[in-house]
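Listed features, source TrEMBL:
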type	residues	note
ACT_SITE	A:144	active site, proton donor
ACT_SITE	A:304	active site, nucleophile
BINDING	A:105, A:143, A:313	substrate binding site
DOMAIN	A:10-377	domain 'Glycoside hydrolase family 42 N-terminal'
DOMAIN	A:414-597	domain 'Beta-galactosidase trimerisation'
């Protein structure tokens, strides 16, 4: 699609009365040019086992075909009909708590043959029903697919087969690699392999979670195969990936390996939900977008985001528009709301759509009309924005899982997980207007980046560590944090000095660590207040080899140890942070590096809440977004000469730009 | 009974040694004229299946007959014997967590035929055993009956039959009314109706809870039928209703529809437990009493309240007496303690009775002796106190259930439920000395009241809303709060503009709402401090039609919207509160209305902690209670000329009265 | 063993590569002369049902035999192999939550015949495998044995047999003693005895817990019998008892009756884990040591303690050595770490040993080398330290259980249990340098003590109370607290005036109690600040008979009651505390008693953080430890003339001693 898509999920099935024409007309008024349908409505499409009725689907497609609205068709498989659960109760997922009762969506066993049989059949029937429609531009596989904790007997047996294959039948090596002798967990024969439901061995537990993530990838790939048998060349396949949920989209998704699962689709897609009102920062929009864009190193679809959402997210005036353009600034080619109308049914009633329950125009809808118009007008300049970021963050589902098994101590009463460490890094970059990509631990082309961040890479195979080391030797700049390179891919601690393999490049070692209580950070080169100079969360007692100590620990018992170090290694620079710090400390450190390396630009002179995001459009022109995430007017000099797109006004480089509260400017260079 | 009853629950079965004569003698000294027996002692009455032994019952009845103490006999059905659970384990309730193990009381399946068989038999045997006794003045059915979450297969099938009958077999209408298409929950045939145990559809969930409440009503009505076959004309049937429990009796009981269940009895009864010491306010006593009195619009029995209760409730000197008369001031015809003696057994050991574990006189007992004497002396003036309240609060189990499924956001970390909204209204009235009744959503005679409060009536049938509207049109004053008239009786949101049907009378509409963060209330007519002028809990963004705005929102993003409005409608006045407020704001608002309407009397000149409660006694004389819920002396002018009953002193209207700490005066007019 | 033992648990099975020689060599360098092996490694020793392989054990024993390192061999029974759970799933424990899944250690049913069969067989095979080794000095039975909540049907039937035997078949007496009539829990015939899993009767619940503790004792005694068939005369049998866990070793173990279970062993042993860094106080070391020493009234083995432990316990410099000698100061004859090396496997990875995961020397290991050398040098003076304490604290599993069923109200939001009351007493004594023993409620020789503390002895048989009373009459000093003598051994409240039987000796009675809210303590003889003079936790409203009131309650409603009293009774002195107080108040009270009684010595002139611990060594010389639990230098006068052992320097009585931060001195008299 060579145009920006602006749209919403649309469920004619849930409407309280016949409204299709009225809705289409209101959509067109709002500039909406795409809707997503069919997802989650299996019981309407197959009300009785083997009886199909796609009239709700074709009715909407007929209207869209006529009115020129694009449609993404979702397979309905993530919510199963009541008849299936009643007749085949074994399709309900069995997790650690037992077999789940029917009711909620997303609680079936995605591996169960009965479920897979019915899922394949409904997909094929749906594909046949929609195949003639030109308006259908693509398909969404399932929705926010997970493994739902499936761990029933059939899954246990699949896991044993998986391990047996992985170890080529060598039980001794498996026992050793997984440390099963501990507490007598040794397994002597494959048939004695117990259910891992009750395991307290983190190696086994993490491997099982990895296996469960593979089930998700397999599931999506199989759906892609089926859909692929029907789809036209010009139709895409996508999936709606989501993120670790912390009341909003927060971090790397624990239950899905996004990098692997994205192989199933032709274009990556996701949903991003985030706080608004005074808490709107753009961070979740940028984080989620940067991550999803990195999956296929290309533009992506923003398939769902809130219009009104939860009551506490009702947007202030201007915020809906600021949010929409923020997604584009990350490389999204679409902004789609979940959902068009607010649900009258007593499920997700308070996750409000563009229309409220009265289905009339309202303040948010009126703002959407403005967005739709601007999307249409500016589409040629804004679609397919390409990034050339020189900074990357390495993320890992394996590290995340392992740090769930071996969690950080609570930090002043707060639970801190892997994603909080990732976000500590990401958010500092974001606030400094340093854009970044994400890379997986399989990434082979690290050289594309000037700087690589490695937060808490607790569990990783040696090859990955070697690649990081080689990258540094060849000129890369690496910043790794505490807990990196501590265990192998089986979550067994390396038995040499920490950090394994990387001690040479970082120039430090440690064999003790503790938890900071009132421990400061020494070194006064950073002009930050005392309360921002504290070691946080975890502290490794670094013994300096040939590194340069940036900070030590300000505590009578730990004063001999280093906290943050740097070392020139090969052609590169390696920074190690033995503890978490305040954002202010981290930003001061990054400032020093950026300045030293000559990476410091006009963008770093500006900082949050005025956010700069850039890329090149299809014409090769640089497009610069100036996004104001605050209720105050913000000012800065323009980074480039060009044309401000909303006003059409030419701006000179350095010319003062005024960005209104909860508003933005876009300057296209050239 | 034409006299005040003063009494206690008495369990001879639990006494550590033979004490009946001693207990009767101590009771008589204390002025106790009634005891409740037999409730919960099934295993003593039927130690073995089919073997009966009522000697503990008849022994006590013989003594009471002789000594002139009245007896209320309770059916023992709420605690089943061990033999029943062992032989028929299926009588144990199955709730969402599975089948409950034997041990606690109140965990059988009240619908199970085996349980119902044994329950009917023990009731009949007990009734036969006690039928000759003149001292038996009435019967209590079971005790604090609930449905205990019963949701086993047999209950699921009853529920399907209930729905099928309600919908006359029309599944499509059922699917539509309950919005079951959502997430593929559609039901295509009655035999595929899944257990609703796992449902996340609030319509279905709330209907199931309503059905469960009906099970309670049915259970009590059946017990009443059985007891009715045996009881004499002069004997009453009552039940010990209780309240939502929040560490004490707090609000409308979620699991019982009191208005419907009260049809089973000839006189309503209840238990009220409440904090004492510095936390004694009289609010729970008044709230519970006003509610239970409203069930049958008549006097009621206070069947249980604490003597000493929990350790933290050990009363200060004077409090036991103040509490006892407070119950009478609400229209109770009895005050009965749970219980006579403190339990030596290792169950409820710390829920202490009138006697401590040493079974000797103690400070509390000595105060009871004073109460008993005064009850006896003042009975002719105090019994059968009748109220003629002009204010009512409409309460609804359906709204309560629905707001449990769709809870309010936490308010500054605190969970706030339906009852907290009800109590916010009730407590303000209480503190202003405005007495009120409660009405159900079925109430047809709203015209009896000058003013009707409608707190958070989230789910209600259209007829109820129409009655409210008609009431206002004909001259009633209505104050409704946020979340009223949002969904129909199936908890489906009305698809027209909110508030459904009532927008005309309130003169406002809204289609957006949010949660207040530092949102003030504008309008400075009320002289209350800034910190009391905050929007709380939830805020609807009211768009004013033809109402008068009392307060708007003081927040830059929401300043266009109204918060609290009023409109003259027909002959009435309609006030709408789009958000919760501080008690001070609410009381200022009520003050304005009361003064404007001419309802303001001398009682509103006085306020908490000096509480005025009134009614007319059997002689038609007005009786006025002056209750001091504080440790300081309180003074006020007498509202009427009359006789102060404790002192026998004549008082003039307006004469200064001094009410001692934790004490009271009663003035009988005439 | 006539020498101090210094050692660690050693698991060759868990080593990432062959290291035995290296480890032995590093041990010898560190002065380690004993290791514990074999415990928990069943799956290595019996990899397949009936197939045995003790090569890991004998390999280590061969090396120790050669290198002169002692070995304690542990039976491996507390972690069962996977094959057992797979083939005999019924060996997994069934507790209240159902049958536990395989995975964790310590979740089998210790009563199950299949488990007992395999356990006996592996013990016998192991004993045979190790019998020839001289280096084996003793055996540890299982490890931290508990009942793991076992409550399956077989255990229920054992419990019924246990009750039937105890009551000689007299069900009526049982029903009466346990108050089962309450809520119809009466049991009419033995076959109707329901599972007590669901009971809410505290008498039954506590008796079941007592029965479960007996299962532990029986289990250990049976293991002792088996081991006894093989062991040499010179070999000891011990067990690794542990304590109530509150993130560290905190109090009396709820699930084991230490006094009874200790009959199974020839020398008591235990593990003690405790906070370090700024939170190192020595209290847990002293408490645990004093308790375990009291079990057999003799020296004991400290079988496990942390080297590095949790990350937050990484010791400051000096702390490891201070801790090691602190154990000796309580009468330990060994200090053994759990464990030698840190686990690389993903289980207990962060419970670090002496060596970190790199298996190299580190700061902690280097400190251990110093400790090992000093242990060896000073062994003749320090081994077998004997105490002659004149103070004792009575502790009771039964009181602990009962106060779990009837918990204290939360104290300012904090949960307070029986052990917190015990520790309130113990810690005050500790801080005053008053050493004490512990006694059980079966103790017959109370006369050995000048002073007996009886904290919260909520449930106790009358004989025990009588012994306390007799002890006082004959000259003992007793201090008992609130909740003492409230219920009998069946947790039924005594039906006479509280405190039962003891009212005569304490001279007070009460029949009311409450919870203190802002209640002060009167009486200004103690010069402590107002905020330290508060009633806490619980308050009995004491009515004074012929006692002397030390403090009353400072509250307008409770001012008539006494809070703390004393009475000369017979030849003794009886103090009663009706409420909990601040430590400062308690210490002021104890100071008064100690001074009045002439027990006040130079040791009480010193106080925490400088702790004095004393005893007599094998030569009959008094040995005095001066332990500085702080980061500041501490000074005091020497209590005796003698030789300071580390420096070899002679000191005079009264000579100023300087104790360095986190350091100690030891003076041997003579």
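Each residue, glycine too, has its Cβ placed from N, Cα and C.
For residue A:144 (active site, proton donor), the same-chain residues that are 6 or more apart in sequence and have a Cβ closer than 8 Å to its Cβ are A:78, A:106, A:240, A:241, A:242, A:271. Cα distances from the residue listed as 'active site, nucleophile' to the binding-site residues A:105, A:143, A:313 are smallest for A:143.
Per-residue pLDDT, averaged along the domain 'Beta-galactosidase trimerisation' (A:414-597), amounts to 97 for this model. Taking 8 Å as the upper bound (exclusive) on CB-CB distance to chain B, the recorded positions A:143, A:144, A:304 give none. The Cβ of residue A:105 (substrate binding site) lies under 8 Å from the Cβ of A:40, A:78, A:79, each on the same chain and at least six residues away in sequence. Here residue A:313 (substrate binding site) comes close to A:275, A:276, A:277, A:306: these same-chain residues lie at least six apart in sequence, with C-beta atoms under 8 angstroms from its C-beta. Residue A:304 (active site, nucleophile) carries a strand DSSP state (E or B). DSSP assigns residue A:105 (substrate binding site) to coil in the three-state reduction, placing it in neither a helix nor a strand. Counted within 10 Å of its Cβ, the other Cβ atoms near residue A:143 (substrate binding site) come to 24, all protein chains included.
For the substrate site, whose binding residues are given in the record as A:105, A:143, A:313, the maximum C-alpha distance rounds to 24 Å.
Following the DSSP three-state reduction, the secondary structure of residue A:144 (active site, proton donor) is coil.
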